[in-house]
Amino acid sequence: MEQPPASKSKLKKLSEDSLTKQPEEVFDVLEKLGEGSYGSVFKAIHKESGQVVAIKQVPVESDLQEIIKEISIMQQCDSPYVVKYYGSYFKNTDLWIVMEYCGAGSVSDIIRLRNKTLTEDEIATILKSTLKGLEYLHFMRKIHRDIKAGNILLNTEGHAKLADFGVAGQLTDTMAKRNTVIGTPFWMAPEVIQEIGYNCVADIWSLGITSIEMAEGKPPYADIHPMRAIFMIPTNPPPTFRKPELWSDDFTDFVKKCLVKSPEQRATATQLLQHPFIKNAKPVSILRDLIAEAMEIKAKRHEEQQRELEEEEENSDEDELDSHTMVKTSSESVGTMRATSTMSEGAQTMIEHNSTMLESDLGTMVINSEEEEEEEEEEEEDGTMKRNATSPQVQRPSFMDYFDKQDFKNKSHENCDQSMREPGPMSNSVFPDNWRVPQDGDFDFLKNLSLEELQMRLKALDPMMEREIEELHQRYSAKRQPILDAMDAKKRRQQNF
């Protein structure tokens, strides 16, 4: 594999002089690394230092100053366990975000390339670095909100670093992007879904889900519809491994401590760093073989794609000369969902699936206000993080975009399905309010019900879910409309100016 050039001097951040130049004067863009829901990512070299960097090119349509202001917050972070942010440029209609380059890619990329899930030793080593990154962010009073294998990057030495803590989410919230994948809730903590207020330990729940994802190839509930998952996560018991007997007691206990439904009882990053599963983690050198294997596979695939492109171009030229007809493209379209992953227990190999289905646009870094920071400072002693009560976050999960599409369809048939959209007395009688799932998760009362009553409750779950989805949709619509009105008013003032 191509080795990055030797650094003339290590890049810490872009100088003021560099930021006043055009980005092409400061960087040599080498190749495209990938396509995200919010833009393209390129590999580039910083000319002055010779250091390899990653550049995200994000289309910007409005509120540029607000985006730049939010991105600048990332400059506060300086940790070897967090992907560094060097600066940003505005060129034409794109925002160029310059960040640290991690040559091995994300953990989910490595799993997908190798068609194998990770071993316990590999998972423990990755989790140790990830927890150190979370401990740093949480001490800085920042919540990642999008912890998953796709946002844990590895460099070629095997060091894991947290990525996209705030950038992707903040841009998503501000830009009103189009053609994005519906955000999935599989990694989200119950308190985030329930909108009851949350703090840093919401990331710990996501880390527990990520642990299962690395071990099994996908998070719990990945095989069901995301809209159903948002009701199962808060109401069901915490998820665990599909086959617990395959995993050690230490690993099982670590995941159990992450996936405690009550945030007050959930462990912090600092506490989990003392867990035996993490304390016994092996050095990062154990990751080098799987990184080398993944990078070799990636290089071979790149060569194959180049050959296929050359052959397609040759065939295209011949077809155009012969018949002037359109050349048929590959039958596999972008975004097509493949079969979900399966794993053979012996070799831990897994059939590759399209991870796009599991991609999430939910990552938004939450910055506490100055008043909250002052309160938190009073609660800190001897460098140990103390929990603080947080008010409900005024944010709209991306999976609610699904409701907007459904609402549009419903309005076009409003005259013929009004009775279905408005639950009548009969639907209310099927699941009275006292049948709602208890918030404390205590289901012991079910033992006292008759078989007939239990069957009726089970039958009522689906219509109950539909009604709760409709109520949730109406609640978010009521919150969303004033924001849209304010944005429209702001745009009109700018146009008049």
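Every residue, even glycine, has its Cβ placed from backbone N, Cα and C.
Some features that Swiss-Prot has for this protein:
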| type | residues | note |
| --- | --- | --- |
| BINDING | Leu33, Gly34, Glu35, Gly36, Ser37, Tyr38, Gly39, Ser40, Val41, Lys56 | ATP binding site |
| BINDING | Asn151, Asp164 | Mg(2+) binding site |
| COILED | 287-328 | coiled coil |
| COILED | 366-387 | coiled coil |
| COILED | 448-479 | coiled coil |
| COMPBIAS | 309-321 | compositional bias 'Acidic residues' |
| COMPBIAS | 369-382 | compositional bias 'Acidic residues' |
| DOMAIN | 27-278 | domain 'Protein kinase' |
| MOD_RES | Met1 | N-acetylmethionine |
| REGION | 1-20 | region 'Disordered' |
| REGION | 301-343 | region 'Disordered' |
| REGION | 368-394 | region 'Disordered' |
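On the 0 to 100 pLDDT scale, the coiled coil (448-479) averages 81 in this prediction. In three-state terms derived from DSSP, Asn151 (Mg(2+) binding site) belongs to a helical segment. DSSP assigns Val41 (ATP binding site) to a strand segment in the three-state reduction. For the binding-site residues Glu35, Asp164, counting C-beta atoms within 10 A of each C-beta gives the highest total at Asp164.
For Gly39 (ATP binding site), the count of additional Cβ atoms within 10 Å of its Cβ stands at 21 [all protein chains shown]. Leu33 (ATP binding site) falls within a strand segment according to DSSP. With respect to their backbone Cα atoms, Glu35 (ATP binding site) and Asp164 (Mg(2+) binding site) stand 14 Å from each other.
Its Cβ placed at the centre, Val41 (ATP binding site) has 18 other Cβ atoms within 10 Å.
A separation of roughly 15 Å, to the nearest angstrom, links the Cα atoms of Leu33 (ATP binding site) and Asn151 (Mg(2+) binding site). Asp164 (Mg(2+) binding site) sits 13 Å from Gly39 (ATP binding site), taking the C-alpha atoms as the reference points.
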